[in-house]
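Annotation comment: TrEMBL describes Asn68, Lys69, Gln70, Asp71 as GTP binding site.
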Amino acid sequence: GIYLTILDVGCGDKIRHEWKRYFLDASGILFVVDSSDIKRLHSAKVALHRYIVNCKEARGIPLGVIANKQDLPNTLTPKDLASGLELCLIEDRQWFIHERMKILRGKSKPCG
């Protein structure tokens, strides 16, 4: 089996500078983005690049971007989200972007 330890470290301005503490033992990083909140995309991009991509403690750690809330209307597609987050500039690690699945009554259903 696979054993995972997942930490939700929050995203407030006061906590972001502490993210690097968690990267020392990390095998991967998941960055969850609200794909329906276009107004906050720029701040998500800034946080991603400032506190993860350009963080020496996170260098080389694979990155997964979760395009959350894909079940809502008028969301950014994963392709548009990748463009808005400038994922193409990430060269020091593997990365992927994934649509979050919508959960209905305990069953998973692909969005779209």
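Cβ from N, Cα, C; glycine included.
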Sequence-distant neighbours of Asn68 (GTP binding site) in its chain (C-beta under 8 A, six or more apart): Val32, Val33, Asp34, Ser35, Arg100
Cβ atoms near Asp71 (GTP binding site) (within 10 Å, other residues, all chains): 17
